[in-house]
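Here the structure comes first, spelled out in structure tokens, and everything after it is commentary.
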Amino acid sequence: MTNLEFLLQRQSNPQLTEPAPNKTVIENILAAGMRVPDHAGLKPWHFTVVSGEGLQRLSDLYVDAFKDIFSKPDNQATAEEIEQKLAKAKKMPFRAPLIIVISTKLQAHEKVPEVEQVVAAGCCAHAMQMAATAQGFGAMWRTGDLAYNNIVKQGLGVAEQDHIIGFLYIGTPCRELPLKPSRSFVPHVDYWQ
């Protein structure tokens, strides 16, 4: 497969299992994240690698976040809905044997606005997903409510002004997925000539 074919056939794989990438593969993934476009070389991102017992710690953090949400006076969920949501949250980190949390480390800079720094961190997530795939692993970039939850952010050491860009789930694909049809770029492009 050529480099171009690799890019044109990119797709996420949510069905992941053991084995997780080894240390060398993880280091390659992290190194790929460091090669993204980065105006002024700020490196406005941080990576948290979660595996082994760390998955249980993340599970506990997710459960704490949802318990806090459900304790609010405006909560309308039934006891059954709460129980189901907590059970789901508890299992979420175990959908893959490795998760890399990509977050921002925003810096005040006269030439690099916050939006550029957030985009750079997003590029990290994409590059790391591609690096995992290039080494034979599957990956899924996830966000959801917990990416924006202050309890989760605090638990992961993400400062209040910063953002969780995503949770990059990585593991061995349970099965090879059929290639999704290509999407047309035509409705998304204008040409000025």
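Placement of Cβ uses the backbone N, Cα and C atoms for every residue, glycine included.
Per TrEMBL, the features are:
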{"type": "BINDING", "residues": "Arg10, Gln11, Ser12, Arg35, His39, Trp141, Arg142, Thr143", "note": "FMN binding site"}
{"type": "DOMAIN", "residues": "9-171", "note": "domain 'Nitroreductase'"}
Span of Arg10, Gln11, Ser12, Arg35, His39, Trp141, Arg142, Thr143 around FMN - largest C-alpha separation, Å: 28
CB within-chain contacts under 8 A for Arg142 (FMN binding site), separation at least 6: Gly166, Phe167, Leu168, Tyr169
Under 8 Å by Cβ from Gln11 (FMN binding site), same chain, sequence gap 6 or more: Leu177, Leu179, Lys180
Among Ser12, Thr143, which are binding-site residues, the residue with the most C-beta atoms within 10 angstroms of its C-beta: Ser12
Around the Cβ of Arg10 (FMN binding site), the count of other Cβ atoms that are within 10 Å: 12
Fewest Cβ neighbours within 10 Å, where candidates are the binding-site residues Arg35, His39: Arg35
